[in-house]
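Visitor: Got a structure for you, written out below as structure tokens; questions coming shortly.
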Amino acid sequence: MVTIRADEISKIIRERIEEYNREVKIVNTGTVLQVGDGIARIHGLDEVMAGELVEFQEGTVGIALNLESTNVGVVLMGDGLLIQEGSSVKATGRIAQIPVSEAYLGRVVNALAKPIDGRGEISASEYRLIESPAPGIISRRSVYEPLQTGLIAIDSMIPIGRGQRELIIGDRQTGKTAVATDTILNQQGQNVICVYVAIGQKASSVAQVVTNFQERGAMEYTIVVAETADSPATLQYLAPYTGAALAEFFMYRKRHTLIIYDDPSKQAQAYRQMSLLLRRPPGREAYPGDVFYLHSRLLERAAKLGSLLGEGSMTALPIVETQSGDVSAYIPTNVISITDGQIFLSADLFNAGIRPAINVGISVSRVGSAAQIKAMKQVAGKLKLELAQFAELEAFAQFASDLDKATQNQLARGQRLRELLKQSQSAPLAVEEQIMTIYTGTNGYLDSLEIGQVRKFLVELRTYLKTNKPQFQEIISSTKIFTEEAEALLKEAIQEQMERFILQEQV
């Protein structure tokens, strides 16, 4: 007969009672009233906060944007095809956040930081809010370090500094994305983390950019955030903030970052679509009233941090497309007023074969020479002045039939200077090569050459200087000054190469 031991039974019962945890969980729920066009109207959810994430019964997540007296307007982060009228919705008590880590380098992700390159999951132990506040005034310091783009026209006359926001603006097909991608390619070996955000682009265009980065080894230090044209409006609206959150992760770890937004006008269109479907009152060009805040809170996150926060930086290059050169439209004027300058690309210059098609006359950097090394300041001042005078003379020369010799010489010099600013795509130049190119042009060494020979001569001169006068590059990179010794080496190289070049051309 089995003996029942009362003490054992009572011990087991006590243990079970101790383990019992009666947790009462209050969940804020609601019911779907209607759903469609990426928008859901919810009844209930009384305690929900603006911007809070809500979860639908079938797993779709949305963001509560409109808090009205009778219902809540939610934008869906997905197609929401399985959401039914009358199904339940619960508030999560969280706002949108993404995982962040070093493992994101070299990957292509969507607006929720989920990989879309088919290379498996990305490990991350830390999270950042998609919309985190920008650094305050005390946390920042003024921009003083150059961020080299590798493009002579920009680095000499419209310099960009680390922590600056510089707008790239122009009509479609004027090479705006090419300027941005060349800047990323030029960061190789500069210890700069790059983030390229593609908003509402064609999938083929994004694939082309990624392939370009992979072929040139730029994906090692680059993250691509992509939401293509067929993505829901909510995800196109979130993509730039996701890119900024990934860049901030590195910025607050004392690193330098560069973020390209391509382009914020598509984000504004997605936000306009969401706002109109939520029945928010339309304003100018049917955009909602807070479209300025949409971009200002994004671009203000770019900063040069002070010494207390580790001196990291985030440089932002937003790209905005204009319609037939109209920079006075709503979104272009908004972004111009937020940024620290703009690089204007002209369709006329592009079609005339001047590429990159940068209109130097109306482009501006509000940081200026603070974002240049001393050597560049020494040679670039003369270039900008001579090009400005040339532009003025060229307009005048169209009406004048007989020009004096001095004017003819000035026009000839200007044409050669314009020629030296031309560069092939995906061929950024080191700052030493740029200084050498500008010096050669502004000091009249190219005046004796035909316009068609200028680029060929400069390419050969760069090669000659690298192989025969490596000290020149060493002096500039170590001292950052265009010393007398460097100038003597350069003059010598130009004269030697000019003799060789003339002999070659005669043969």
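Note that Cβ sites are derived from N, Cα and C of the backbone, with glycine treated the same way.
So Swiss-Prot has the following annotated:
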type: BINDING; residues: Gly170, Asp171, Arg172, Gln173, Thr174, Gly175, Lys176, Thr177; note: ATP binding site
type: SITE; residues: Ser363; note: site 'Required for activity'
Visitor: Whose Cβ lies within 8 Å of the mean position of the Cβ atoms of Gly170, Asp171, Arg172, Gln173, Thr174, Gly175, Lys176, Thr177, the ATP site, other than those residues?
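Guide: Not counting the recorded site residues, we get Glu321, Leu345, Ala347, Phe350, Ala357.
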Visitor: Among all the protein chains here, how many other CB atoms are within 10 A of the CB of Gln173 (ATP binding site)?
Guide: 13
Visitor: Return one of helix, strand or coil for Gly170 (ATP binding site), based on DSSP.
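Guide: The residue in question, Gly170 (ATP binding site), is strand (DSSP, three-state).
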Visitor: Ranked by the number of other Cβ atoms within 10 Å of their own Cβ, which of the binding-site residues Arg172, Lys176 ranks first?
Guide: Lys176
Visitor: Helix, strand or coil at Thr177 (ATP binding site), per DSSP?
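Guide: Assignment for Thr177 (ATP binding site) reads helix.
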Visitor: Could you work out which of the binding-site residues (Gly170, Gly175) has its C-beta surrounded by the smallest number of other C-beta atoms within 10 A?
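Guide: Among the binding-site residues Gly170, Gly175, the sparsest Cβ neighbourhood within 10 Å belongs to Gly175.
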Visitor: What is the interatomic distance between the Cα atoms of Lys176 (ATP binding site) and Ser363 (site 'Required for activity'), given in whole Å?
Guide: 13
Visitor: Distance between Gln173 (ATP binding site) and Ser363 (site 'Required for activity') at the Cα atoms, whole Å?
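Guide: One finds 18 Å between the Cα atoms of these residues.
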